[in-house]
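If you look up Swiss-Prot, you'll see 249-289 marked as repeat 'WD 1'. According to Swiss-Prot, the feature repeat 'WD 2' maps to 323-364. The repeat 'WD 3' annotation in Swiss-Prot covers 365-404. Swiss-Prot lists 407-451 with the feature repeat 'WD 4'. The region 'Disordered' annotation in Swiss-Prot covers 452-499, 569-588. The compositional bias 'Polar residues' annotation in Swiss-Prot covers 455-471. Feature annotation from Swiss-Prot assigns repeat 'WD 5' to 523-560.
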Amino acid sequence: MFVLPPPPPRYTIPVAYAAGASNGMAVPVVETNNVITKPEGGCPLQVGEGTYHLQDDLHLATPPPHPSEAPIINPNPLATVPTPPTSGVKLSLVNIGPRNKNPVFAMKESVLAPPFGDGNPALAAPAVKDGLKRRKPKNNIIKSSSSFVSRVITHEASTKRLNDRNPEGLFAFANINRAFQWLDLGSKQKEEPLAKILFTKAHMLSHDINELTKSASHIDVVMGSSAGDIIWYEPISQKYARINKNGVVCNSPVTHIKWVPGSENLFMAAHANGQLVVYDKEKEDALFTPEEPVKSSGQQPLQVLKSVNSRNQKTNPVALWKLANQKITQFAFSPDQRHLAVVLEDGSLRVMDYLEEEVLDIFRSYYGGLICVCWSPDGKYIVTGGQDDLVTIWSFPERKIVARCQGHNSWVSTVAFDPWRCDERTYRFGSVGDDCRLLLWDFSVGMLHRPRAHQASTRQRTSMITSNSQHASRHRADSAGNRARSDSQRTADGYDEYDQAVRHPVEPRARTALLPPIMSKEIGSDPICWLGFQEDSIMTSSLEGHIRTWDRPREGINDTYNAHASSSAISAGAGSGSAVANSARGSL
């Protein structure tokens, strides 16, 4: 009788994958599980509207290294060898069911800009044969033989859990080292992931969900990795596609990724080499050759290596822009879907009109790089955080700094506005950082104290604001023609007139208003990496995988809705004219 030999071990180096060895034999691999704790009365957040109580602490399991990775024993802290880029735990949240209440303080659809690439017929979406049925990726990730994916673990009762779940509950997607988890935060077993993907070596650094295409049967997720590869993932069908495979378009880690607002197919990825790339999830990749010559001087605020108006749109990328030689750490789309705020490791904040492919303004930090950025719900203000331990508020209509926010003792990793606590006069935002603290801030232009030294230069600054506002309101009819400038137009310092107009000098501290936090709380023992505000809660995640949720005080959220019940949504777009700027200046 012929007997087949046993299959070879799945892991070629079991000792490296196992926790250790006993008597020379490898210890069997034990899959670690998520753990949830519900502290009683622990870590409350005391704010004016009430107390935020900690609901639970979900600790994600850190996966062991892949067997192909040699274990690092006694690493040298002084070694100069570059280490692979990593990211703390970050969340992407989505609510499939209808929301009870939307934030009243939001941008009206009537002021939204046209879709990105709307004027290029080469980007027109082809007709869908199946009507409203969404296209899904082609490859089954569970049965994948790709060396990029190590394995996929799905919950044994995932189908039943999806059918029985509360439609108003939140889905969460979280990265931790080489693992990517799909969680149902509305479930009683929220610590049990619906699916967990283990990649071979790559770490997912950023991910995002397409709010336009989400439904009970379809969710589009994109995630960018430390290897530069991008995964388009549809969790319900467990299908996936690999984009920028082996760095064919851009061979650099993806530091941040977002779906382009209003688009079903396009998403934008920031790479560590200073490039912003727009991809189409349904296009094939091709080796990228710049359509415009690459300038190595680094003095241009934006080099368009491929324009969204290009007729060559058969393959990715759709557009590719070079901002700097430094790493892009994060970017954020404005609520009016026209502008883009980008922060870089070189300490600059760059505000773009990404529809016109031009940079409007460049601001600088006091020192060190900028790490995070976000827009206010009405698009009037931009908030950044960075390596100078400061949170900074910038006025977009006035093109200037408004205030520095002091309170952190280490780098600021994430800033976010709370749309349920914002109105026409007061803004609420939060920040977290490597000091393990969560800070909340209330900001109103009228409450800021202008230093006396600042008042002396009001006239000069007003003229600068007017000049910059007029410049920002101009749109070039032919971006390609205006982008080409002769050497005769350049000034003695190497920058042309356009560069000088958008580069703002650093405002001295003596002339900058300071804003203290309304709450500062140390919420853990490891750095905090992410912050999010929900209708009924505040959520954070940390470097070691702690996802904490605080319930809002009922009286606070109810008072907010009652105060706004008779008001209408904002109809004025960001930077819509001098009226916005004049009102802001009058409040100061």
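In case you wondered, yes, glycine gets a Cβ from its N, Cα and C as well.
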Run through the repeat 'WD 1' (249-289) and tell me, per DSSP, how many residues are helix, strand and coil.
0 helix, 20 strand, 21 coil
Paired segments the repeat 'WD 2' (323-364) and the repeat 'WD 4' (407-451) in contact, 3+ CB pairs under 8 A:
no
Same-chain residues at least 6 beyond the ends of the repeat 'WD 4' (407-451) whose Cβ lies under 8 Å from its Cβ atoms
45, 47-49, 88, 103, 105-106, 368, 371-378, 381, 383-387, 389-391, 393, 510-533, 535, 538, 540, 542, 552, 556-557, 560, 563-564, 567, 570, 584, 587-588
Confidence summary for the repeat 'WD 2' (323-364), mean pLDDT rounded:
97
